[in-house]
Structure formats: C-alpha cells, structure tokens
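Student: Take a look at the following structure, please.
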Amino acid sequence: MKEETPDFIGSGLLVALGAAFALGSLQYGVIEGGRIGPGFMPFLSGVLLAFFGTLIAVEAAVRRVRRRERPAGVTEISRGRQEVPSGPVATVFGLTLVAILLIPVLGFFLSFGLLIAVLVAFVEREGWRLGLTMGVGGAVFAWLVFAQLLNIPVPRGIFETLMRI
C-alpha cells in the first residue's frame, strides 16, 4: 500500500500546480476579441497538468485495488527498472534535429510530416504505408491547428516561393 504513496503525493502536487496555473492565467485573459489571449497557453497547460495528475492518481488507486484482490500466494512481478537501449532514443533525437534543420528549406508542415513518417517506418518498424499515412495525417492535422484554427504563421520553406508564382 505504501508503494502508491509517492504517486498520490505527486499527483496531488500536479493537480494543485495545474489549478494554480489555470486560475492565475484568468487574470491575463484567455480569449480576447474572438482570439486567444495571453492567458490561453498557461490556462491550457494548467488544465492539462491537473488532468494528467488526476490520471496518475486514478492509476495508483486501480493498482491498489488490484493488489488487494490478488489471490494469496500470487506475487507481484518486480517493478525494477528496465534497461532501455540508447540507440532508438539517439535516433529519435537525431531525426528531430534533422527535421528542425530542414524547416527553413522544406517548411514546417512537410518537415513535421516527414519526421513522423520516418519515425513510424524506421524507428517503430511499422512499414512505409503506415508511416506515410501517419506522416500525411500529422502534417494535415498540424496545418489545420496552426494555420487554419490559430492563424499562426509558420515557415513554409520552398513552398513560400512556389505560392508567389
């Protein structure tokens, strides 16, 4: 039962911090004149922080209940740390750096879509078809959110020049 105590304490701190961020951001205006205001991102961050803190607490509570329901004589598998190979992590960081460096040339959306496609196809080894599908879907989703919904100007790379012709 004491195993969940750090999770409950941590989740309580996350919820409290998230609530403080969300409430504090209301002073700056979340939405002003039909557009997002300066308090929007702190508000969203606070709400998400509180939400994920709540999820941690729920997961800890579920673990506690399952442990109580376990039949006598059944032991829990060790919660020791698993060794994670550093190769995939280094590959993800390297590919992210390459994608960032390609943004001025290819633009944000194409670089982002290619990053997703390569990560899914090579790192996750899910195949090119799924990689390209997810890359295109991710790029379209990013375009809808940033360019259409939020009207945030993003680098378009070579497409900036092509759009002028």
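Every residue gets a Cβ built from N, Cα and C, even glycine.
Keep in mind it's a predicted model, so treat the numbers as computed, not measured.
Quick paste from TrEMBL:
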DOMAIN    9-155  domain 'DUF1468'
TRANSMEM  12-31  transmembrane segment
TRANSMEM  43-62  transmembrane segment
TRANSMEM  89-122  transmembrane segment
TRANSMEM  128-154  transmembrane segment
Student: Apart from its near flanks, which chain residues at least 6 from the ends of the transmembrane segment (12-31) lie with a Cβ under 8 angstroms of it?
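Tutor: For the transmembrane segment (12-31), the list is 37-43, 45-54, 56-57.
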Student: Go ahead and report the DSSP secondary structure tallies for the domain 'DUF1468' (9-155): helix first, then strand, then coil.
Tutor: 109 helix, 4 strand, 34 coil
Student: When the pLDDT values for the domain 'DUF1468' (9-155) are averaged, what is the result?
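Tutor: For the domain 'DUF1468' (9-155), the model's average pLDDT rounds to 86.
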